[in-house]
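Participant: Before anything else, here's the structure in question.
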Amino acid sequence: MRNSSSTPEFLPTRFILVGIPGLEAEHIWISIPFCLMYMIIFLGNGTILHVIRTDTALHQPMYLFLAMLALAEVGVSASTLPTVLGVFLFGITEISFNACLLQMFSIHSFSIMESAVLLSMSVDRFVAIYNPLRYTAILTMPRIFGMAASIGLKSIVLMAPLTILLRRLTFCGHNILSHSYCLHPNLIHLPCGDATVNNVYGLFIITSTFGLDSLLIVVSYGFILHTVLSIATGEGRRKALSTCGSHVCAVFSYYVPMLGLSIVHRLGYHVSPLLHAMMANAYLFLPPVVNPIVYSIKTKEIRRGISWMLSEKKARV
């Protein structure tokens with residue numbers, strides 16, 4: 001139902017993007033760390049994807065899940081890149097309504113995939129520690145590809161209704177966003193019409209994906225710790241837990257900024273716009289920057305693959 005107030009109602013043709021509030025004059029300098037982060041993201045995750053694809057020894061469940069994680073992180077970063085660099089490098093602060101919805105859809109879809117892949121990786125670690133002899137028999141290639149397909153399909157099916165629900169809302173001249181990209185928690189504050197359905201469905205997505213995934217990750221690590229503590233030798237326990245170190249870092253780098261951003265959005269006007277911007281950037285940029293570095297340092301097989309790739313290129317030169 002449309003708002004009956006005298007305030008003019010419209011479907012905005014464009015939104016106004018905001019960089020970092022209060023630092024508009026420094027945007028050209030702020031663009032430098034953003035450019036560096038994008039370089040690390042695409043180079044780091046791209047290297048991991050290339051190493052896993054070319055090294056047949058890494059065609060195992062653990063590394064295939066890592067490749068899925070890298071792919072999801074590249075997707076999130078590629079979704080934000082046009083508007084982030086547009087705002088900070090070129091001062092382009094406008095985005096069309098349809099482009100904004102497409103960017104929101106892409107960012108959140110890839111984020112849902114990332115969360116689901118982190119859950120799959122925790123299940124992978126549990127199976128590897130609990131029943132190592134049947135590890136490859138349980139996590140077969142068809143099952144892994146089936147999990148990947150279901151993760152992608154679930155993300156698309158869950159996010160598609162949000163774009164439709166946003167289109168049915170009425171706006172009252174509010175079209176200024178809080179970030180240099182489009183996020184649903186930000187967009188949902190702009191309409192003047194009744195956004196109850198949008199809020200309820202958004203809460204359903206958060207609960208059924210990020211909330212459920214994080215709960216199951218905690219449960220899986222409870223089983224992992226129980227299994228590790230039953231190992232007789234201290235050395236065996238250390239080796240078992242060491243295989244989870246990189247994944248634990250990935251989980252914390254993903255869920256801690258997300259929790260912080262969720263709290264900031266819930267507090268709304270009681271929080272400074274600068275904190276809004278910083279938490280949103282941490283949520284989107286921290287995991288894809290940190291994860292390739294952590295996995296390259298802590299995973300011997302990935303280090304070996306990178307060294308082999310570099311030595312092969314050097315030999316060609």
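A Cβ is built for glycine as well, from the same backbone N, Cα and C atoms used for every other residue.
From TrEMBL, for reference:
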type: TRANSMEM; residues: 28-52; note: transmembrane segment
type: DOMAIN; residues: 44-295; note: domain 'G-protein coupled receptors family 1 profile'
type: TRANSMEM; residues: 64-92; note: transmembrane segment
type: TRANSMEM; residues: 104-123; note: transmembrane segment
type: TRANSMEM; residues: 144-166; note: transmembrane segment
type: TRANSMEM; residues: 200-224; note: transmembrane segment
type: TRANSMEM; residues: 245-268; note: transmembrane segment
type: TRANSMEM; residues: 274-294; note: transmembrane segment
Participant: Give the nonlocal contacts of the transmembrane segment (28-52) in its own chain as ranges (CB under 8 Å, at least six residues past its ends).
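Facilitator: Hits for the transmembrane segment (28-52): 19-20, 58-59, 63-64, 66-67, 70-71, 73-74, 77, 81, 84-85, 88-89, 285, 288-289, 291-293, 295-296, 302, 305-306, 309.
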Participant: Averaged over the domain 'G-protein coupled receptors family 1 profile' (44-295), what pLDDT does the prediction give?
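Facilitator: Its mean pLDDT is 89.
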